[in-house]
Amino acid sequence: MAELWLSLSCMFSLLLLTNSSPLTFQERMLLKALGLNTRPNPIAPAPVPKSLRDIFEKGINQDNPCMMEGFGVPGNIVRSYRDQGTIAAIEEPQGSLCLKKFLFFDLSAVENKEQLTLGQLEIKFKHNTYYGQQFHLRLYRTLQLSLKGMRDSKMNRKLLVTQSFRLLHKSLYFNLTKVAEDWKNPEKNMGLILEIYASSELAGGNRSFVVCEPIQSFIYTSLLTVSLDPSNCKTQRAKRSTHSSPPTPSNICKKRRLYIDFKDVGWQNWVIAPRGYMANYCHGECPYPLTEMLRGTNHAVLQTLVHSVEPENTPLPCCAPTKLSPISMLYYDNNDNVVLRHYEDMVVDECGCK
């Protein structure tokens, strides 16, 4: 992971110098390391879910950085997907059916190496809506798509949830982890069907516009997933030293300040937060003899010893990070989904000779 950070650090530095190019090789490599194919360009970005904003502001739990405490599941990536489905027209009376909606969420951004630990569907109504009448909800998983012009067959669906509810100032949440896990394979993602009925007492056995209008006007659906990328996860972390390093000569290997401003690399339109971060970098000489302050490895100590004897044949050790820490990024991906992701080894805390 230290090698990955060094690559990211170098690419960030090069981007600061070469940002005049539309998309440089360094930027493509950096975006790939961040799990993106191209630079996102959100046109009509979705609002950031409060749950993601709260997790970002709370920060990473240094003792357990790969646990999403807000959801109680392992993970270091949270994505919020907007519904790309459509509302079906109800042309003929169908009892007390108020709404039929096809839901579709594109999970193609989830990589094969990720372990999906939570899939949560949210059905939200306008916040100032309050109606006391009761409705009935049925949620189906589509097993097979119907041909255009053909009736939706009940044989092509599987009932997942049935629930009664009232329109209150809160959302409805449903655990769809198993379904979302299957959707990592696009061939299995046929979407969902949501049906909402008015209670038969209020609807009088037939659909009533007055009763159904609140549902049709104010419904909003989204899907949230939590996944774990094992390659970007450390289960144990040494606690950061609280004492400050003693003064050192300016040419000796040590941590130097480097602030990365995402506006400087042209990323301000898709990176939601932070606006930038203190990345730092390592620079300086590793002279003989290495002192304890330089945190040299055994190999580096031997290398400096050999260099003192044969300076022309053996170079001095390199100044490199010996301790790094993670950051969280909140951003829009290539599908305009909101993503919260923890990245290991993005901040240099200490440097040494290697």
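Cβ coordinates are placed from backbone N, Cα and C, and glycine is handled just like the others.
For Cys319, the disulfide partner recorded in Swiss-Prot among Cys233, Cys253 is Cys253.
Disulfide connectivity taken from Swiss-Prot links Cys286 to one of Cys233, Cys318, Cys351, Cys353, namely Cys353. The recorded disulfide partner of Cys351, taken from Swiss-Prot and restricted to Cys233, Cys282, is Cys282. When the residues Asn19, Asn206 are compared with Swiss-Prot, the one annotated as N-linked glycosylation site is Asn206. Between the C-alpha atoms of Cys319 (disulfide bond) and Cys353 (disulfide bond), the distance comes to 5 Å. Annotation note: Cys353 (disulfide bond) sits in a strand segment as assigned by DSSP. Separation of the C-alpha atoms of Cys286 (disulfide bond) and Asn175 (N-linked glycosylation site): 55 Å, rounded to the nearest whole number. Summary for the disulfide-bonded residues Cys253, Cys282, Cys319, Cys351: the Cβ-based neighbour count within 10 Å is maximal at Cys253. The Cα atom of Cys353 (disulfide bond) lies nearest to that of Cys253, taking the recorded positions Asn175, Cys253, Cys282 as the candidates. The CA atom of Cys351 (disulfide bond) is located 45 Å away from the CA atom of Asn175 (N-linked glycosylation site). All protein chains included, Asn175 (N-linked glycosylation site) registers 13 other Cβ atoms within 10 Å of its own Cβ.
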